[in-house]
Amino acid sequence: MSALTNSSLWQTLKKHRETLASLTLRQLFSEDPARFDRFNASAGPFFLDYSKNLMTTETLDLLLNLAQQANLPQTIQKMFAGDLINRTEHRAVLHVALRAGRDAPPLKVQGQDIRAEVQQVLKRMETFVHQIRSGEWRGYDGRVITDVVNIGIGGSDLGPASVMTALPADCTGPRVHYVSNVDGAHLTYTLKSLNPAQTLFVVASKTFTTQETLLNAHSARSWFLDAAQQEQYIAQHFVAISTNEVEVSRFGIDPQHMFGFWDWVGGRYSLWSAIGLSIALGIGMDKFNELLAGAHEMDEHFRTAPLSRNLPVLMGLIGLWYINFFDAQTHAILPYDQGLERFVAHIQQVSMESTGKSVTLDGETVDYATGAVVWGGAGTNGQHAYYQLLHQGTHLIPADFLLPMRSRVPLGTHHRVLTANVLAQSEALMRGKTKEEARQELLAQGMSGEALENLLPHKVFPGNRPSNTLLFEELTAHTLGGLLALYEHRTFVQGTLWNINAFDQWGVELGKQLARSIEPELSEQGMTSVHDGSTGGLIHHIRDTLFGLSRG
Ligand SMILES: O=P(O)(O)OC[C@H]1O[C@](O)(CO)[C@@H](O)[C@@H]1O
């Protein structure tokens, strides 16, 4: 048994969970009229109602004790202080320093004052953003830049893309496009309507070795040169964002046109760094700074609020409660804001790449579940697609409902209808509908006899399905920053309690390695190496189909 599952607290939580087996949320609410007041917390523009969870005050106390046992408060301080908490990569984890603002006290990482470096890059970004947006920076034929194409993948794509999708009202600069997939269709269709003379490519890659990004960037370069003809024009149309100056130069981008960042910024936490350049180009530097400020406000809340009032801590603990004590395998994020459509995909990476681990920081195999499968999408679309399973399926799926109380795009009664829907969904999941209630409803509809009895079981909703509701005032750059930081820290909390490294991602390497060795085997002259029967068979089948013969 691991130290965690062997701890008396863990064992107490297990027993406590059994005592809740026959309790229902309906009952908890009817027994305690103050439940809503007891189980909510707020931070800045955010208000979290977590009363619709399968927990009592005792549950919360036990979970908070578990956080103390895992040294969560100390680990939070270590992150902010720049300790090397990413132990497998010997790195600090300091995305919070990227949004700490100009007046933050000096912070040294390996002898370097990183505050000054952060400000220098922000200053360079500001100058460049101004040049592009004002039209001072021109394309090779003298016309202004109308389109920006960010080429990147994972953290070098999802964070910026999700922000740009969320803030259409703030997109006052050039149109910004995102190309990530190595499927040639992604680049081809994106470039189809663009004019090379008025397009700026932002090649975003922390390592500048990512196969998909480099291939897309090379193809974009060829597309550009087909029109521009002269290599010298590349300087006006390609910039890079990376930590790897050597590879950037090798690609052919002048390091003067490179915006740097640092190894203490994880890819999935990098939208706050120069990786956010495409955001700043689209919404302007002032709005980008608002995004940073919103995230910083949440950082300060996370760093200073008591655990029992701390939003990321509460959300992290509640998530863990279901994963470890109810065997929940997935977690749904259900934003009721069209702009947050891509937010789920970004948080999926933040959460799953961080907590998809099965060994502890000390290299021991865990004997408890870790990260859940994170999924979801914008409401109300999901209601007409997968909510059926949420309401009547066999899985327990804890959900977070997210809702701005005011719409930035008011249109008649749309926002009130949207709000009514989110409240209705969490209420329906919690209350369900008993057999008796369903029967009364059918009788009221004039149904009776065998027809009623046959339909009745299908009309019952088990209910007792937990959810959080997170309200915020409006989806602005500022609140979006806070929302993103909230989920980053929620992930940090879970990683700390599970004693895993939430900041490395070794699990993505094997597939990359194999893809590199398989790729040449797929050419007409390729020789297949030793594979398992299935993979070898598939390679032969593809070659047979494409080239009419199989070799090697
Ligand atoms: O920015 P890079 O180095 O191209 O990496 C892109 C993404 O690839 C990953 O390393 C996973 O393959 C992510 O962690 C990262 O966000």
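Even glycines carry a Cβ here, placed using N, Cα and C.
Residues or ranges marked as active site, proton donor in TrEMBL: E353. The Cβ neighbour count for E353 (active site, proton donor), using a 10 Å radius and every protein chain shown, is 22.
The feature active site is assigned by TrEMBL to H384 (among others). Within 10 Å of the C-beta of H384 (active site) there are 8 other C-beta atoms, taking all protein chains into account. Classification of H384 (active site) by DSSP places it within a helix.
What TrEMBL lists as active site is K512 (among others). A sphere of 10 angstroms centred on the C-beta of K512 (active site) encloses 12 other C-beta atoms.
You'll find the Cα of H384 (active site) roughly 37 Å from the Cα of K512 (active site). Here the CA atom of K512 (active site) lies 15 Å from the CA atom of E353 (active site, proton donor).
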